[in-house]
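I have placed the structure first, in the form of structure tokens, so that the comments after it can refer back to it.
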Amino acid sequence: MADKTPSPEPGSRKNYGVQIAYRTLSVRADEKQTTSSKSPRDPADAVSSIDVHLLSVEEVYTRYSSHPTVGLELAAVRRKERDGKNTISPPPTVYWKKGLNYIFGGFNFLMWIAFILTILSYKPLGPPLPFVLGVAVLLILVIIVSATFYALVDWNASRIMKSIKSLIAHEATVIRDGKPQIIQAADIVVGDIAVLSAGDRVPADMRVVQASSDLRFDRSLLTGESEMVPGSLDATSDNALETRNLALTSTFVVQGTCHGVVFATGDRTVMGRLVKMSGETKFKLTTIQKEVWFFTKIISCLALFFFCLSILLYGVWLRTTYPGYDTASTAIVNSIGCLTAFVPQGLPICVALSLTVVARRMAKRQVLVKNLATIETLGCMSVLCSDKTGTLTAGKMMVENIAFLDDVFSVEEINERVAKASDPTVFAAFKALHQIARLCNGAKFDATTNHLPVQDRTIKGDPTDTALLRFSEALSIPELGVETSALQKSSEKKFEIPFNSRNKWMLSVVTETSIVEEKNVESTWMLVKGAPDVLFPSCSSVVQSDGTVVALTSRARQAFATLQEDWSSRGQRVLVLCRKPIQEFKTGLAPNDVEDLMYSEMCDLTLVGLVGICDPPRPDVLPSIAVIRRAGVRVFMVTGDFKLTAIAIARQVGIITQHAVDTIQDVRAAASEKVAPKDYYLIKPSDDDPIRSLVLTGEDVASLTSFDWNVIVGSYTEIVFARTTPDQKMRIVEEIKARGDNTVAVTGDGVNDAPALKAADIGVAMGSGSDVAKEAAALILLKNDFASIPVAIEMGRLVFDNLKKVTLYLMPAGSYSEFIAVLTNVLMGMQLPMNSYQQVCYCITNDVIMSISLMYEQPEWDLMQRKPRNARTDRLTDWRLFFHVYLFYGLMLWPCAMGMWFLYMRQQGLGFYDVILTFSSWGDGWKGFSIDQLTEFVYVGESIYYVTVAIGQYGTLLSVRNRRVSILQSNPLWGPRRNLLVLVGMTGTVLICIVNLYGAGFQRVFYMRPIPGMFWGLPFAFALGILLVDETRKAIVRKYPKSFIAWLAW
């Protein structure tokens, strides 16, 4: 850190005297704030009045009663907590807008049209018949029930999402009572000194008071600009939003470290005030909702077209050619069937329900889904690019091996070998190695856990630094003067360049004080640790195990390189520890000048030793990747680690399965032979192509041409990208997305993964990852459970699959069988075989209650063995679905219902031609029957048609539950595909029919009638027939998967 104030003893009188003086000033400042807060202020004025960035660092400490090393005292914290929690209130919800969306959204607007026309048909267009009024009442009930259901589902989904989001514990490191402590970000108070490092979310508005030279912020959430903003100690602008010495809430530290004094929390932060000014958040449709809305528009247009056509035919043709056949009122009420017939009322309900079901299932897995559209997109995933450390591996790194020029140690044997040595000084190099591991380290222990054993303490830092910190803390060799407490007392850190993924090293400058001949002697060291292949060229000498320094010869370099390859091939991360004495360190220079000076000193380093760090793969990764690959998803590794380490881990987790692994040379050779296809969406491996593996380094990626990328994306199933920078990771994602219609998911947990997570179609972050990664991701695995990814893929596919089944189930009866009833009435001159009440009632009760059961269907056995859905070409409704609706299921259902209508009329003595084309002839005396008798025949016939459609849909329901599998292997009563809601839906639809037919009120108002027993039994036979025909179709598809029938299958 630059300009770091030395830490005095927490109990010294000097410290507490300063604190008391600050506290007095703080009380006055608080009193001033309280007084001014009584009058409401415009948020924009409050932001423009911020002046803390214009104060000096000392003035900042004074204003907020804090101290650079002690921070706040406990008493000051307790007093300031009265100002409230550090949380931003959500924008207010405009409930009347939501209410209007519930009431008029979806298909409800068609219901409103039908309701208004029905009221007009009741009065003044026609005689006030109870039937017409009953239909109007039913329609308004449908609107009320639908709106209420949408509201309940929306409320439930929001409640579940809030409960999941509450699982994320946003933490912050602050200095209180002279000790760094990790607390909940909501508990931060004004005056706290917050300690931020790369990857951290800024928990409150802060004035930067200490900063590393490479400090960079990501302010994209606040400004919309993605470029990194440098941090500084001094104001660079009078505008608080533009100056670089403020760290504002919800921005991120993407590079470097800093300390800041909190000057605003919660709603008083800049972000809090902007949220207050912005008002309500905008509603966005998910992918599935867009599909359904598109389908809704098509269906609505068709419904309105046929309704208008029906009214037009009445007005232009029927009214003049066959006077008395229909009145204006009757024509409108009958034509309302066109509006209701085409409305699959169950579809919007099932969409809303599916989102709730998904949210609940995700909550059980402790997976945070920021937007439910993510789940739908996961169903389309075709490529998964995964980081290695902390994602594929456990992220619990441990130092396993230590190597000097002339000796190699495992960690377990260090103390034993030193103890057995006759002269412990033969291992004197451990003192220098311990110094670098402990002092050139960005991780820190949480002071509240220091009483615990080293392995159980909480550490704030990245996994590599954490491993070195635990190792150095536990390493104790008194014979050699290797003792952490003594090292910390005698050393002071003067400057630091934190590790970043571009340099791939970390640098610290420390001053060490030692006693020589009863005098304090100071020596300054530049300590460096990082990637061997990066730092080896900067080394000119090497330490042997006894502490002597010799020249680093080419033979020694080769020995270290061989050792690195050996450890890397076993999956270990290898670091080299180096140091260099510095004659004089100028403390008065600006941080950037010091940084430039240190870069110039990065030569003639002394190589102290190599450290091998193991990070075992997560136990759930290997089986999860196997499932993901069976689902047709290619899994690539994109890491900043060494090539051999990356390949070793990739083999252990199943990303690389081939013995031979191609390199950049093989890609270039193939690229020179192939001609790029005209369309990028065609660039993908064929099913017949062999599995090929490839490894590329960041250096290779930087040199790739468009033709090379065509070969990589179009020919390889297994790829490892090693030693990549964040920019290269992002480029990899973008190049893959641009080819083969790929939907790309990226998993990661570090700061270096954030650009790729943002660029991906789906970003997946680990719960233990950095705040930057979690903000960039759309999905967060709170339990770091990699096995949740294949589950999420399956859920995404299942939601889409089930909605397709719902659509396929609803259309044959609704938009086909009911519409045919209206069509025969208007064009064929036949009495309406299914009246308006029955059509409306069927659409909003019988159909809905059975379609809901489909949303709870379990995945089919081959769901995770199918190819990923192409988001561009595979729509919810396509020509295959409409073929099955109108030329398969529907073509079986409506003739059965119409046949039952004619069969009943035949039993009453009316033949086919006595019923059809009768128009206005149907009246008193027709075929010897009175008008009362004919009317009664129609009432019974309508009830038969209604029951036949309702029960006949049993066959469709059982058929669409599976695409290819027989019902014998997936029945709804037992086994893996058990779904008792199917039985509930079937029972419910029969009960609705019984209530309608035998309820006295329904008979009186809606002209429902009991039907003969045979007309209850035959529809079950028809349903069985539909099921058997579909079973035959599925058998052909299974037996001949490349046949014409299989090609037609939905």
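Backbone N, Cα and C define each Cβ position, glycine as well.
Positions annotated as domain 'Cation-transporting P-type ATPase N-terminal' by TrEMBL: 51-123.
Sequence-distant contacts of the transmembrane segment (102-122) (same chain, six or more residues past either end, CB-CB distance under 8 Å): 128-129, 132-133, 135-136, 139-140, 142-143, 146-148, 150-151, 154, 296, 299-300, 303-304, 328-330, 332-333, 336, 339-340, 343-345, 348, 836, 840. Positions annotated as transmembrane segment by TrEMBL: 102-122 (among others).
If you look up TrEMBL, you'll see 128-153 (among others) marked as transmembrane segment. Within the chain, the transmembrane segment (128-153) has long-range Cβ neighbours (under 8 A, six or more residues past its boundaries) at 98-99, 101-103, 105-108, 111-112, 114-115, 118-119, 121-122, 329, 333, 336, 345, 348-349, 352-353, 355-356, 835-837, 840-841, 844, 1004-1007.
Among the features that TrEMBL reports, transmembrane segment is placed at 292-317 (among others).
Annotation source TrEMBL lists transmembrane segment at 332-358 (among others).
The transmembrane segment annotation in TrEMBL covers 881-904 (among others).
According to TrEMBL, the feature transmembrane segment maps to 943-960 (among others). Within its own chain, the transmembrane segment (943-960) has Cβ neighbours under 8 Å at 805, 808-809, 812-813, 817-818, 821, 833-834, 838, 842, 846-847, 850, 853-854, 889, 892-894, 896-898, 900-901, 904, 967, 972, 982, 985-986, 989-990, 992-993, 996-997, 1008-1011, 1015-1016, 1018-1020, 1022-1027, 1030-1031, counting only residues six or more beyond its boundaries.
Listed by sequence, the residues of this chain that lie at least six past the ends of the transmembrane segment (980-999) yet keep a Cβ under 8 A from its Cβ atoms are 838, 841, 845-846, 849-853, 856, 943, 946-947, 950-951, 953-954, 957-958, 961, 972-973, 1006, 1008-1011. The transmembrane segment annotation in TrEMBL covers 980-999 (among others).
Beyond the ends of the transmembrane segment (1011-1029), by six or more residues, the same chain brings 889, 892-893, 896, 900, 904, 940, 943-944, 947-948, 950-956, 958-959, 967, 997 to within a C-beta distance below 8 angstroms of the stretch. Under the heading transmembrane segment, TrEMBL lists 1011-1029 (among others).
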Contact set, same chain, for the transmembrane segment (292-317): CB under 8 Å, 6 or more residues outside the stretch: 106-107, 109-110, 113, 285, 326, 328, 331-332, 334-336, 338-339, 341-344, 347-348, 351, 803, 807, 815, 819, 822, 826-827, 876-877
Secondary structure tally of the domain 'Cation-transporting P-type ATPase N-terminal' (51-123) (DSSP, helix then strand then coil): 45 helix, 1 strand, 27 coil
For the domain 'Cation-transporting P-type ATPase N-terminal' (51-123), the mean pLDDT of the predicted model: 86
